[in-house]
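**Q** Pasting a structure below so you can have a look.
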Amino acid sequence: MDSHRPVLLNEMLELLSPKDGAVYVDATFGGGGYSRGILERAKCTVLAIDQDPIASEFYQSLHSQFPGRVHFFLSKFSRLREALQHFDHNQVDGVVFDVGVSSMQLSDPDRGFSFMKEGPLDMRMDMLRSQSKSAATFVNSLSEKDMADVIFYYGGERLSRRVTRAIISARESNNKIRNTSDLAKIIRSVVPRSKANPIDPATRTFQAIRIWVNDELEELKAGLEAASQIVGVGGKIIVTSFHSLEDRIVKHKFNALREKGFQLINKKAIKPTEKEISENTRSRSAKLRGIVKEE
């Protein structure tokens, strides 16, 4: 997977429709794919935000290509208003979100996000390690009930209790589950691979743990609320999500904002084409929604 290949890029740009002289926030900068697309589309400014310090390396490349037009602030997007103060702006013409884990995070085994390569049980998006909980906290400390609930609710894993019992049994016999390979092996031992669904049996549980570690759903709620407060009239909020729970939060928030002077840009979520899915499997579950402030 390529960290420079953002999902639904053209569709996002179509909804955002960047204008010369405008100011946009890329709330999930990552590898800079969305920011690059916006900067190439119009002579505008992008305020880039990301909680992962690694993103600053991609920012340097973009900054040299678009001097004075892109600026970076290390922050969670739930702190959008604080970030805007740092940039000395009160409002913007649009905010874009590409939520969830990035390809560059997945591809680095030292981050612990992937079950494909051995790595530490980490999964913290904030590499400064200001978060107190990690994947190790989850597998080695949570109660059976809490663990099963997280795996079922955040991962949609029907066999959540079976997975939980296997994790609890392993940690009781071995004292600790040491790395992502250990964890993936435990999950695969109790979740059969489906012929109808090609995804790895560990996918849903790893996803659930990542969402729990980073408090992703509450972050998204806070980020959307902050975005609604910083866009001016005509300003847009565009969100690409990858999980049904994320999309539900976006849909619910956008519907609520219709009572506050916002209007949906697209009534139904935009999904990737078969061509994009074949070229970038990460896009398979993506959904894109947009809303504009009309008054």
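Glycine is treated like the rest: Cβ placed from N, Cα and C.
Source: prediction; values computed, not measured.
As annotated in Swiss-Prot:
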type    : residues                           : note
BINDING : G32, G33, Y34, D50, F77, D98, Q105 : S-adenosyl-L-methionine binding site
REGION  : 275-295                            : region 'Disordered'
**Q** Which residues of the chain, 6 or more past the ends of the region 'Disordered' (275-295), have a CB below 8 A from one of its CBs?
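**A** Residues packing against the region 'Disordered' (275-295) from afar: 1-2, 5, 7-8, 11-12, 15-16, 103, 228, 231-243, 247, 250-251, 254, 257-258, 261-266, 269.
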**Q** When a 10 Å sphere is centred on the Cβ of G32 (S-adenosyl-L-methionine binding site), how many other Cβ atoms does it contain?
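**A** Within a 10 Å radius of the Cβ of G32 (S-adenosyl-L-methionine binding site) lie 27 other Cβ atoms.
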**Q** Can you tell me the three-state DSSP label for G32 (S-adenosyl-L-methionine binding site)?
**A** coil
